[in-house]
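Report on the structure given below.
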Amino acid sequence: MMTGVVLILFCIVYLHPRIVDNNIPLPLQSPSSRSYLLSSILQSPPSPRDQILSSLHSTQPDTVVASKWWKKFLCKSLPDNTTNSQFTLPLLFRDTQPTRTDYNVFLLDTACNTHPKYRAWCSVESWARQNPNLDVWYLLTSPTADNTDHLLTHLLHHYPNLNLATLDLDKIFHDLPVNKLFNSRRWTRVDTWPVEVLSNMLRASVLWHWGGVYSDTDVISIKPFTIPVNAVGLENKGVVASAFLSFTKNNPVLWALMKDMNTHFEPNKWGCIGPQAVTRVIRSVCKNDTTKLDIPKDGKPQTCNNITIYPSQFFSPIYYKNFKAYISGGGGKNFEKDFSNTFLMHFWNKITKNVVVKAGSGSIYDVAAKKSCPVTYQMATLRANHF
């Protein structure tokens, strides 16, 4: 009996704090010990976030939204009924919305995923962890979020600034320039990459409503975001990235961006309302001074009309053609030195989504994930030796 009590105390005092401590990632474990640690990680102490979790369970799905054409299009494979392992998400505008202007970070899932991949959760967690002064909003087109692995529970317990909600696209786009494109349904053609096109329309729209930062879910925040709003980053010479945007609420650049999307959307043309649209609008803001979109030799940001344009090293330090550098074993051994001027790391999910990142390999991605999304990293690697 005494042995059992000692073992329980050992698990509570030693194992549990290590799992939730952001600064001490767990080493890789054998399959048997992984199962043991997983059982302990699922026994969380009560927290103020229990109130939020309770509200997720009690929120009622919006039957009107569920019957809308875009919901039927995006969410064809959703289960008919929610289970005990799924949370019904609060509906943006009806149940919840940002309460602060310009102090928000928005991330999106427009594919109606009930269970986003660990890499997406890593991005979400990294923003919440590195920026406790900002309200992080993960907005999904799915009305529910699967919590079978209890990752969602742990993230909400761990980060008071993390919020989840499902979207009513009609309300988001109402009275905005992209509403015409949205309701035209041209973006729903299979050859238009509808998930990506919808994400492009949404990122400008949510920033217009509330202001702050938009980030793709293949971007990891590796240090506190101290850059002022009204900023963009170069993807390459002459190309402004759309994976990161930072603007104040109702900024006229956002309105111009949405008008550009409505005007220049072309089915079957990748990026036409993504980086190409952002680049066109920033060029216009800079009065077609193309030198503003060059890679500056001194590595310093450039400014035109109160918009700051940052060199690629700040947000996209490795170009997509060199993506293998992110996953090369040992590539992160000088991480802090190599990325001392980097705030965000863009991992180019379009081409890396099927690439395996080995846990404990010391690759750039492995080091970044351990550092910036430890809860997600440990949950993912308890089940496998890759992330």
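Each Cβ is built from the backbone N, Cα and C atoms, and glycine gets one as well.
Quantities reported herein were computed from a predicted structural model and do not represent experimental measurements.
Here is what TrEMBL says about this protein:
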SIGNAL    1-17  signal peptide
DOMAIN    247-379  domain 'Alpha 1,4-glycosyltransferase'
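On the 0 to 100 pLDDT scale, the domain 'Alpha 1,4-glycosyltransferase' (247-379) averages 92 in this prediction. For the domain 'Alpha 1,4-glycosyltransferase' (247-379), residue counts in helix, strand and coil come to 62 helix, 12 strand, 59 coil, using DSSP.
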